[in-house]
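Peer 1: Okay, these came from TrEMBL:
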- 494-532: coiled coil (COILED)
- 58-82: compositional bias 'Polar residues' (COMPBIAS)
- 13-42: domain 'C3H1-type' (DOMAIN)
- 253-539: domain 'Protein kinase' (DOMAIN)
- 533-635: region 'Knob domain' (REGION)
- 13-42: zinc finger (ZN_FING)
């Protein structure tokens, strides 16, 4: 038998290799039987050392030299290294502090709130590092970011598009300070939601919630107008006049225009300190009054004019509170009004500016009838409007227009005017025709260069009757027989009757809604009186005054009206039940009502007439103990 490794290693130089049996067992049993390996341990010791070191069980394991150096360095650290503070990079806002073995325990309360770094704008040294007073600067406050934000443009408070108001140069009066740059807050009012129950789901005798109140759209319009009336502008820089305060600019265009009156004009809303009412003040900038009769005589005639299509003028006066000599006219204030130019002659905003669309013919006839009504009143009083421009005629409601700049030119041109009243009235008719022509062609009057061509274009869009009416107004008057507004009224009599019928229908609709609100007003008054009685504590030395005598029945009646529940204990929120009970109490009907205490131990069977007597006695007692005597409380 040969050696076990002889066949595995057929290398010709194997005889120079030490036999593995010598290394393992100390001898080789095949040494004399033909083993070709070297059996002399002292031979080739340099070659024998490597396998001995590599395979000897007492040899140390292999260790790289780089790791050995690291281990040598680690061995120099003391046993206290485990308690050392964790590594903290510089500049992250964490102050260095000495930690002991006791403080190494995790404590969530000691963790500081995260503060973003490198966002400071105003102070470069406020990167979350505590200041001397121990207060941290918040880099995200608006005070610190204000310096980096772009300067906002001035704010036009009465423009239609509130998203594009902060434009550069939207400052009406540069000499009186800037306007606030913040957005307008929405009106703080509540609108009844009309979409609660579908009409088809109700029985014929049932009513929805909004059936008891005016339409939501009408309520919203009225409340927006009330909000605009009470709107003020703090720190506006506008002066306070002798009898006027809380001036508020109404112009939506900050460009000066002198084409209408010869002077730059501005419009404000202001409150009269004597009457408490709000008025519209039109100011002519830089006007110097040379003759006081210009105001006295003109205002005396114009203050007599009362017409539904004319903004009533009240007075005119001069002032120097604006830093110059200004002439101011006070008119009735119609909130949220727009001019005809803003409504119909402004380019439409969109992807591109495009011309406004043509007006419907029925709207145009409505404007014609209303302006005719205004001129009829003015000419009958031997006056002339003189200012029939789209920028001086306002729309205060649904297609309801008013002439808003009457009497101004009579004062401004009091001495320079050389024309008679008849000539000025003839000019009114011509301006009237040009105004309607500019509305039909959607072209400002100043750009109507070719009037015959504009008249011919009306035949393609409107009736011949409208074209003939405009042509009659624009035509120059005859020398023998001048035109008059009465002649024009006779020519459009059929349209006047149509408009009159529409006005009556609109009046009937508003009367209907007013009647419903009248019932709501009665209910509101009696409910306010009832709330002043129930749940009241001491009165006139009597403890728990509202829980004794007649007041206790009124408290149970309050629960019957407002705290009613159904058979399942769910709240009954029927508005019809509440309004019916309050109206019966106000009318003192003889109908019986059952009142039960909350513990079901006491039951009262009373009529509304008896409840009304209790109600009056309790409220009169409150009036008696009132300090002011409650004047008008029983109204």
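Glycine is no exception: its Cβ is also placed from the backbone N, Cα and C atoms.
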Peer 1: For the zinc finger (13-42), what's the mean pLDDT in this predicted model?
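Peer 2: In the predicted model, the zinc finger (13-42) has a mean pLDDT of 73.
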Peer 1: Can you count helix, strand and coil residues in the zinc finger (13-42) using DSSP?
Peer 2: 12 helix, 2 strand, 16 coil
Peer 1: Count up the helix, strand and coil residues in the region 'Knob domain' (533-635) according to DSSP, in that order.
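Peer 2: Counting residues by DSSP class gives 48 helix, 14 strand, 41 coil.
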